[in-house]
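Summarising the annotation, TrEMBL assigns domain 'Radical SAM core' to 120-332. For Cys134, Cys138, Cys141, the entry in TrEMBL reads [4Fe-4S] cluster binding site. TrEMBL lists Lys346 with the feature N6-(pyridoxal phosphate)lysine.
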Amino acid sequence: MIYTKHQQNIAESLNSDSDINDWKDWKWQIRHTIRTIDDFESILDVKFEPSEKNLMAKTLEKFPLAITPYYASLIDRTNLKDDPVFKQAFCSIEELNIDAWDMADPLSEEHDSPVNSITHRYPDRVLFHISSMCAMYCRHCTRKRKVGDRDTIPSKQTLNAGLKYIREHPEVRDVLLSGGDPLMLSDSTLKWLLDEVTAIPHVEVVRIGTRMPVVLPYRITDKLVSILSAYDNLWINTHFNHPREITESAETALRKLTRSGIPMGNQTVLLAGVNDCPQIMKTLMHKLVRNRVRPYYIYQCDLSEGLTHFRTPVSKGIEIIESLRGHTSGFAVPTYVIDAPGGGGKIPVSPNYVVSWSSNKVILRNYEGVICSYKEPDRYHPVQCDLNCRDCSLQLNTDGREYLPPVGIRKLMADYDDKIALVPADNERIKRREND
Ligand SMILES: *Cc1c(COP(=O)(O)O)cnc(C)c1O
């Protein structure tokens with residue numbers, strides 16, 4: 001049921017003459033966002049201990065609160081302590097614990113930022129921060145440093161600077177619209193921006209990263225869908241963390257998007273006390289694919305300040321992948337990644353399946369623990385690839401697109417130049433050579 005008695009009570013306590021049409025109006029939801037502990041108590045009819053409340057208030061000075069009435073209505077009031085929705089939405093006094101390893105910007109997004117709104121980390125794609133607002137402030141936000149501090153509409157000037165950067169960088173073939181939540185922009189601003197980005201000839205793919213289907217599914221209006229579905233190269237990634245979040249309202253929003261032809265992915269964050277359980281993750285992945293949303297990533301929780309209580313060891317993520325791969329549909333298995341502190345980007349981590357290797361056989365183990373051998377071909381002539389593709393007998397056709405010179409490990413493999421090693425900039429041994 002889309003409008004429960006409980007939701008009606010919440011709506012009426014926020015605005016006495018409200019009805020289901022208000023509830024399903026995303027702007028009404030934004031206007032009635034819960035931002036204080038007192039409001040939370042009165043709207044959900046719960047009471048915190050006064051001593052606890054004082055500490056909670058301290059967390060809000062650092063990391064503000066914002067919960068949509070819709071997402072608040074998913075909270076189980078009878079068991080706040082164990083509730084996965086409550087934990088993602090409401091402040092915990094544990095947010096005040098800062099570990100020695102924690103950082104305000106663990107992913108060094110601001111170092112890899114050539115202009116204000118762009119993070120350019122990978123060779124062919126950029127993150128474009130087009131909104132500094134969110135409908136809900138996830139307590140596990142990796143950009144917690146920014147939450148609420150510039151809760152304004154980004155200026156056209158900032159957006160234009162980002163667009164200019166993309167136009168001037170022909171290597172950018174994939175643009176990720178992020179934020180904040182891009183769907184906090186008005187329909188007209190969003191359309192303007194999408195028109196501008198998709199008009200850039202070298203941009204092949206545009207992605208929107210949004211949590212709206214989870215925290216405010218009513219944002220997915222028919223009008224919005226008609227705007228978004230006009231772009232043939234648009235993908236949307238959303239952010240469900242727990243099967244409880246896939247409600248009828250969320251499913252309706254997802255169905256509108258998928259029926260309009262937009263491919264959907266999901267990025268989950270591994271969170272202690274929320275979804276650090278193979279059974280919960282499997283249920284979540286099954287519910288996602290049933291709604292035609294492809295599980296894309298599971299993220300190890302970042303080293304951002306205020307997230308200590310959400311972090312699990314990496315082994316938990318590997319255990320979750322172990323419980324999925326082979327046990328369920330291949331396309332229900334996301335890639336588990338650690339976004340490397342310092343700006344190294346996403347690094348996949350997985351159980352080991354290669355047990356051993358000889359000069360002609362690979363020894364593998366499957367999900368059942370069966371050890372298998374794969375005989376490699378006797379007659380494969382290894383090609384010394386120098387990436388001179390024009391002279392190669394394989395029929396590469398890049399549609400005229402220039403190839404980027406290879407970087408990193410790929411470059412070592414490809415005999416592209418005479419580099420035979422990748423050496424860290426501050427390597428002691430090399431420094432000694434220079435000094436001698
Ligand atoms: C995650 C991310 C991307 C996109 O990575 P994919 O693996 O292509 O999804 C791009 N830029 C930055 C800075 C990112 O954090």
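Just so it is clear, glycine is given a Cβ too, placed from its N, Cα and C backbone atoms.
Automatic prediction, not curation, is the source of TrEMBL annotations.
Bear in mind that the values here come from a model prediction, so they are computed numbers and not experimental data.
Features per TrEMBL, on structure.
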residue : record                         : contacts (Cβ under 8 Å, 6+ apart)
Cys134  : [4Fe-4S] cluster binding site  : Ala66, Cys141, Val147, Gly179, Gly180, Asp181, Met184, Arg211
Cys138  : [4Fe-4S] cluster binding site  : Gln88, Ala89, Arg211
Lys346  : N6-(pyridoxal phosphate)lysine : Tyr297, Val337, Ile338, Asp339, Ala340
Which of these binding-site residues (Cys134, Cys138, Cys141) have a C-beta closer than 6 Å to some atom of ligand 1?
none
Looking only at the domain 'Radical SAM core' (120-332), what is the model's average confidence as pLDDT?
95
Neighbourhood of the [4Fe-4S] cluster site (Cys134, Cys138, Cys141): other residues with Cβ within 8 Å of the Cβ centroid, in order?
Met136, Tyr137, Arg139, His140, Arg143, Lys144, Val147, Arg211
In the three-state scheme derived from DSSP, which category covers the residue listed as 'N6-(pyridoxal phosphate)lysine'?
strand
